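Q: Quick paste from Swiss-Prot:
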type: ACT_SITE; residues: H244; note: active site, proton donor/acceptor
type: BINDING; residues: W30, C31, Q32, T94, S95, W153; note: substrate binding site
type: SITE; residues: D120; note: site 'Increases basicity of active site His'
Amino acid sequence: MQSLNVNGTLMTYSESGDPHAPTLFLLSGWCQDHRLFKNLAPLLARDFHVICPDWRGHDAKQTDSGDFDSQTLAQDLLAFIDAKGIRDFQMVSTSHGCWVNIDVCEQLGAARLPKTIVIDWLLQPHPGFWQQLAEGQHPTEYVAGRQSFFDEWAETTDNADVLNHLRNEMPWFHGEMWQRACREIEANYRTWGSPLDRMESLPQKPEICHIYSQPLSQDYRQLQLDFAAGHSWFHPRHIPGRTHFPSLENPVAVAQAIREFLQA
């Protein structure tokens, strides 16, 4: 792992592929890190210069830089990009890291970021989601709230990489980070209503591809198809899978979808 000090914090990152190839940032969600992309990054590194940054406080030492919000993560990423001297790049984000992706798209504009990719972003929160987030913010009950997410995500799979991510990698993060994550995730949904509303609010809209596997319901697929019919910049792409983690479960299909969208 390499590291940079930017915006008053330490950011660690992995880097692979030809540095002269198009640069692609892989952005995880809260309480995740570069390990989320252990299956996907090598596939994409055949065609891209792949960088997987870890958010502040998500490095191997969980360096404490005080409290922060999701807007801080966007500023950190912009500072990281400047420090690396990267002008042209694309982003692929997962889960609630997608809020950061769209914040950066808004700040840089569609001329610089004509396309972006979001993976398995919860577009339509279910009623139990709010209770999970509330429990996840509680100083003593956060473990139960966190486990509720894990149980939901593990219910439909025996995929070893996904289960390892849920049992070892995500629980590794301290309780303070989980509480912060749930607070910020809830704040974004309360502010914007849904990710579709957030994307629609962009004054300059890039082409946005949503790669997803879950939920399996036809209604969820139809929601996206209906939205795409009225918004030509939105491109839903369903791939086979039974989990919230397609980059771990089905990396070949995810890599193919990314290539086809970015290279079109």
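Just so you know, glycine gets a Cβ as well, placed from its N, Cα and C.
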Q: Quick one: largest C-alpha distance among W30, C31, Q32, T94, S95, W153, binding substrate per the record, in angstrom?
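A: Binding-site diameter by Cα atoms for substrate: 15 Å.
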Q: Can you grab the distance from W153 (substrate binding site) over to the residue listed as 'active site, proton donor/acceptor'? Cα atoms, rounded to a whole Å.
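A: Just about 6 Å between their Cα atoms.
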Q: To the nearest whole angstrom, what is the C-alpha distance linking D120 (site 'Increases basicity of active site His') and S95 (substrate binding site)?
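A: Cα-Cα, rounded: 5 Å.
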Q: Can you give me the Cα-Cα distance between W30 (substrate binding site) and H244 (active site, proton donor/acceptor) in Å, rounded to a whole number?
A: 14
Q: Give me the CA-CA distance between the residue listed as 'active site, proton donor/acceptor' and C31 (substrate binding site), in Å, as a whole number.
A: 14
Q: For the binding-site residues W30, W153, which one has the sparsest Cβ surroundings, going by other Cβ atoms within 10 Å?
A: W153
Q: Based on DSSP, name the secondary structure state of S95 (substrate binding site): helix, strand or coil.
A: helix
Q: Go through Q32, T94, S95, D120, our recorded positions, and report the one whose Cβ sees the most other Cβ atoms within 10 Å.
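A: Sorting the candidates by Cβ neighbours within 10 Å, the top entry is T94.
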Q: Quick one: give me the count of other CB atoms within 10 A of the CB of H244 (active site, proton donor/acceptor).
A: 26
Q: What other residues of the same chain, not counting W30, C31, Q32, T94, S95, W153, have a CB atom within 8 A of the CB centroid of the substrate site?
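A: Going along the sequence, the neighbours appear as S28, G29, L36, H96, G97, M170.
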Q: Around the C-beta of C31 (substrate binding site), how many further C-beta atoms are within 10 angstroms, looking at every protein chain?
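A: A 10 Å sphere around the Cβ of C31 (substrate binding site) contains 24 other Cβ atoms.
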